[in-house]
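Here the structure comes first, spelled out in structure tokens, and everything after it is commentary.
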Amino acid sequence: MTGCAKRCKQGLVKFVMSLHKLITGTLNKDKIDDDFEMSVVCHRPEGLDKLEAHSNFSKRELQVLYRGFKNECPSGVVNEDTFKQIYSQFFPHGDASTYAHYLFNAFDSTHSGSIKFEDFVMALSILLRGSVREKLQWTFNLYDINKDGYINKEEMTDIVRAIYDMMGKYTYPALKTDTPRQHVDAFFQKMDKNKDGVVTLDEFILSCQEDENIMRSLQLFQNVM
Amino acid sequence: MAAGVATWLPFARAAAVGWLPLAQKTMPKPPVDKKSRSDEILFVNVSGLRFQTWKNTLDRYPDTLLGSSEKEFFYNEETQEYFFDRDPEMFRHILNFFRTGKLHYPRHECIQAFEEELAFYGIIPEIIGDCCMEEYRDRKKENQERLAEDTEAENAGDAPLPPGATLRERLWRAFENPHTSTMALVFYYVTGFFIAVSVIANVVETVPCRPIKGSIKDLPCGEKFSVAFFCMDTACVLIFSFEYLMRLYAAPSRCDFARSVMSVIDVVAILPFYIGLVMPENEEVSGAFVTLRVFRVFRIFKFSRHSQGLRILGCTLQSCASELGFLLFSLTMAVIIFATVMFYAEKGTKGTNFTSIPASFWYTIVTMTTLGYGDMVPDSIAGKIFGSICSLSGVLVIALPVPVIVSNFSRIYHQNQRADKMRAQQKVRQARIRMAKKGATNAFLQHKEDGGLQDGDSGSTALCVKNRSAFEHQHHHLLHCLEKTTNHEFTDEVTYSEVCMTDSVGFRTSRSTSLSSQQGATTSCCSRRAKRRAIRLANSTVSVSRGSVQELDTLHITKTPAGTQYPQSRSSLNARTEDLKLNCDDYTAAIISIPTPPANTPDESLPNSPAIPGILRNSRSNTYNIQETVKISSL
């Protein structure tokens with residue numbers, strides 16, 4: 001909301017300025033670059049040594065990661081729109097923006113509205129090199145949209161629906177409207193141990209550790225880097 | 001998918017952890033990543049300019065030359081770098097594409113050179129970034145237009161007519177390109193003269209002449225000398241009608257011709273006369289007829305066939321149709337607005353000229369175009385204020401679209417100039433190429449005459465050899481091999497034509513006999529000599545003009561059971577092989593020209609093209625296998 005009001009004020013100021021210019025007849029061109037400069041924020045990550053200490057990556061891996069990151073985002077930060085755009089490119093069939101939104105919130109641990117390289121590295125470090133508990137904790141954090149420590153059915157439905165959106169329209173068998181709901185019900189049946197309608201972190205971790213499939217799948221992405 | 005996003009793929013895969021607890025089935029196995037993950041710096045040497053980049057950068061776009069294994073072809077082991085013999089300036093842009101994912105078009109480069117570089121490196125030009133796309137497209141369109149003009153100009157009909165053209169085609173050509181024949185030129189000038197005469201007659205007949213005796217009033221010349229003018233008019237119309245009918249007859253597509261602008265102008269020019277002939281003499285109808293005579297002035301448009309400038313003007317107006325339309329529309333709007341304003345401003349004034357809004361239109365137009373006749377002038381103060389605003393805005397509105405029209409005219413005019421220049425240039429270029437070709441063949445013939453092809457006579461050849469480069473040596477050797485293959489020699493045009501004339505009759509008989517039962521070295525020798533004299537592989541142009549020499553690309557040798565057919569030809573073929581002294585030993589197939597297989601019937605008279613019985617020599621077997629019949633497939 002604050003961004004919107006700020007933009008409105010800026011627009012009004014510009015209009016008044018241009019009217020003034022029209023009447024007084026100055027020949028200076030509008031300073032278009034003023035606006036542009038304000039939105040470009042440059043961010044530098046903390047040193048390589050510190051990052052290496054905090055994450056599970058080696059120096060070389062961090063270098064590769066940073067080069068790719070900096071290439072895509074020369075300013076050093078990723079905002080949500082860019083993030084959505086990038087993520088959507090991996091899923092051209094459907095609409096990945098909702099899920100990307102949740103992912104963005106999960107990555108943006110400091111809730112600053114943009115992902116810096118440190119956030120990127122920390123998240124990747126957990127997901128690729130972390131322990132099983134850390135991974136499950138991260139996943140719980142992803143599902144918990146309002147970050148209150150509990151996953152309720154609505155949050156889960158949102159997440160599941162977002163995931164199904166990524167599939168797009170053309171699936172086999174065809175998607176029915178209540179498929180997400182059924183999926184959520186199945187999930188809750190498995191995860192909610194005390195049947196109180198919400199899933200806590202401990203319930204979540206416990207249920208996942210009992211499930212063979214999940215345990216096996218967690219080892220899937222180890223060699224991504 | 002933009003390959004630049006490939007750097008985010010690991011992250012996207014990592015984020016897939018979020019799906020795992022939800023999954024109802026087991027996940028598939030991940031792909032095994034065989035290639036080494038370590039990143040290395042690659043050296044790329046482009047014509048001396050050394051570039052260095054990460055291997056990952058190049059791997060981003062695997063369907064280009066640099067991103068795929070194709071670059072291994074350019075790897076230089078000694079210097080441990082990839083060497084490309086291409087433009088280093090352009091390579092900068094290519095490499096930037098890999099680095100940033102955006103392809104930029106350098107404005108100072110030739111567009112074709114740029115496209116060629118892109119094609120070499122396997123990058124499609126469609127991915128040029130938005131910042132440069134418009135410039136690229138404009139330049140490309142300009143280039144294509146220019147090339148299209150060239151081909152159009154070539155096909156424009158300056159090429160000579162095929163000899164078998166009908167009268168109709170010749171007539172059409174004469175009409176469209178008058179400078180091709182003198183008759184056409186004469187006709188062109190005659191029609192031009194008559195157009196001018198007709199237009200001048202139209203003009204002069206309205207000039208007042210001295211009145212005939214006994215009358216005071218001034219008479220227009222047309223009525224005084226009505227007979228003379230009528231005769232002149234008739235003559236002109238007759239010529240124009242004749243011309244139109246001829247064009248209609250000669251046109252390749254009469255429908256299209258009848259619909260073209262020039263034909264419409266022609267018809268409109270001559271129609272009033274015929275209508276006038278048919279029209280009865282009563283008063284009311286002849287009033288309408290008089291207005292028809294106005295259309296006679298359209299004859300002046302017939303000049304556009306004669307003048308290129310007029311055509312350019314017409315073209316310009318056509319291409320600026322939208323600008324003109326805009327001009328008209330904005331003028332109309334402004335006229336209506338100001339006329340209304342002026343009318344209401346002047347309404348109160350007594351005896352004003354601004355009697356109605358349409359009456360004010362005239363004032364507005366005269367003021368906006370800054371003519372200012374002064375026949376209608378505002379009196380009230382409001383009227384004067386609005387009148388001044390009207391004239392100021394008029395200047396603006398009219399001045400705006402004019403530069404666009406001017407620039408269009410200039411562009412089309414320059415295009416025309418360029419087309420003419422290009423045609424002249426092409427002719428010079430073709431002439432130069434032809435001279436170069438002739439020079440090459442002459443060099444070979446000269447070489448032969450100097451005895452350079454003689455084996456073993458190194459003394460005399462030493463002098464000639466000195467003046468030739470290695471390339472020439474090899475080239476001449478190749479031509480020599482070809483001669484030996486076909487058992488014929490190269491010669492020049494003069495010799496060929498004179499020999500052809502004399503030997504054509506005698507040649508045929510001698511050849512048929514050679515294919516018949518005659519054997520022995522003498523006959524074959526004679527026949528070969530005759531053949532050598534008569535049949536020449538001179539310039540390719542000569543052979544083409546002779547007609548149907550077919551070049552065969554493949555030969556099939558089929559084995560037939562021994563002794564079945566053609567004993568006669570067998571001997572002749574045998575004899576011929578022995579007489580051949582071939583220097584080039586290792587070739588297995590030869591390109592021969594032959595209209596029909598010589599082994600079919602001995603007495604078959606070959607078609608009128610100079611057939612060259614070809615011999616296939618198998619390098620492996622020195623003895624010609626008689627059982628093999630040569631079946632020649634003509635493609």
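Note: Cβ is positioned from N, Cα and C throughout, glycine not excepted.
Whatever TrEMBL says is automated annotation, not expert-curated.
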Range annotated as region 'Disordered' in TrEMBL, from B:59-79, B:143-163, B:605-625: B:143-163
Non-local residues, at least 6 beyond the ends, that sit with Cβ under 8 Å of the transmembrane segment (B:257-278): 233-234, 237, 240-241, 243-244, 247-248, 251, 289, 292-293, 295-296, 298-299, 301-302, 304-305
Paired segments the transmembrane segment (B:225-245) and the transmembrane segment (B:186-204) in contact, 3+ CB pairs under 8 A: yes
Whole-number mean of pLDDT values that fall within the domain 'BTB' (B:40-139): 87
Long-range environment of the transmembrane segment (B:186-204) - Cβ separation under 8 angstroms, sequence gap at least 6: 174, 178, 221-222, 229, 232-233, 235-236, 239-240, 243, 296-297, 299-300, 302-303, 306
Helix, strand and coil residues within the domain 'BTB' (B:40-139) as assigned by DSSP: 48 helix, 20 strand, 32 coil
